[in-house]
Structure formats: C-alpha cells, structure tokens
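Chemist: Quick paste from Swiss-Prot:
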DISULFID  Cys3-Cys17  disulfide bond
DISULFID  Cys5-Cys12  disulfide bond
LIPID     Ser9  O-palmitoleoyl serine
REGION    41-69  region 'Disordered linker'
DISULFID  Cys81-Cys112  disulfide bond
DISULFID  Cys97-Cys107  disulfide bond
CARBOHYD  Asn98  N-linked glycosylation site
DISULFID  Cys111-Cys134  disulfide bond
DISULFID  Cys130-Cys131  disulfide bond
Amino acid sequence: QECKCHGVSGSCTTKTCWTTLPKFRELGFIVKDKYKEAVQVEPVRASRNKRPTFLKIKKPLSYRKPMDTDLVYIEKSPNYCEEDPMTGSMGTQGRLCNKTAQHTSGCDLMCCGRGYNTHQYSRVWQFHWCCCNCK
C-alpha cells in the first residue's frame, strides 16, 4: 500500500492511500520460486461426470489436492536445451553465455552440461571525457 499526503506546506491534512503491486523485481523472484516448487497434477473425474471435477497431485499413492497457493502444471515443460521444431525452441547450442555469471546467462546452466568454448577478445577504445569541450 502506498500513501500520499495532501495539504498546505507539506502538512498531511488529507491522506490518500491505494493498493499497489510489489516491485517488478520482487514479483519476478516470487514467480521464480513458485516455478521451482511447481507440482504436477492430473485431472480427476467423478464417476458420473465426464468433465474433470478437481485436480490431484500426480504422485504414486498421493491423493492430496494442491493448495490454492501452489503453482501447478499438467504437462512437463519441453527440454529447452535441445532444438525442437514442434515447440519452436531453438535450443541453446551456439548461444553466447557469461562464464562468471551464476544465473540463467551463466555457461554452466545455459550450455546444459555440454561444455562450452571460450574466446578472449581484445579491443582498443579511444577515451572521450563526457560533456566537456575545452577551448
């Protein structure tokens, strides 16, 4: 919730508040954590009904229904490491990666355990002091 005060010279004679979403980065972390803990489910049909009546977690001997806060999926995600024309995935072969990064752009994760080739580049740049031009 965010609030803003209204009044003469900064006095808070009237206060207006409204509900806001969390910061985008925080929301991204929440969704990523949910994705890591997502549970596979399967639809269960009632004996007389043709439509699925509820979802249950897909594990042997498990009859627990997912909680309202669970992120659920019915089919597993495709393997994004390999090229798959059916899903439109180009795979990760030949992609540039960051050897020192620990997240998704890091070579260990992006190259899917296939290894990677390293190249070292050297560039010479002319230094330019910004925003000052002496007479």
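Positions of Cβ are set from backbone N, Cα and C atoms, glycine also.
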Chemist: Among the recorded positions Cys3, Cys5, Ser9, Cys12, Cys17, which ones place their C-alpha within 10 angstroms of the C-alpha of Cys111 (disulfide bond)?
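Modeler: Qualifying among Cys3, Cys5, Ser9, Cys12, Cys17: none.
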Chemist: C-alpha of Cys81 (disulfide bond) to C-alpha of Asn98 (N-linked glycosylation site): distance in Å?
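Modeler: On Cα coordinates alone, these residues lie 16 Å apart.
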Chemist: Just how many other Cβ atoms lie inside 10 Å of the Cβ on Cys17 (disulfide bond)?
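Modeler: Looking across every protein chain shown, the total is 9.
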Chemist: Using a 10 Å radius around its CB, how many other CB atoms surround Cys111 (disulfide bond)?
Modeler: 16
Chemist: Considering only the recorded positions Cys5, Ser9, Cys12, Cys107, Cys112, which fall within 10 Å of the residue listed as 'N-linked glycosylation site' when distances are taken between Cα atoms?
Modeler: Cys107
Chemist: Work through the recorded positions one by one (Ser9, Asn98) and point out the residue whose CB has the fewest other CB atoms within 10 angstroms.
Modeler: Ser9
Chemist: Just counting, how many other CB atoms are there within 10 A of the CB of Cys3 (disulfide bond)?
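Modeler: That number is 9.
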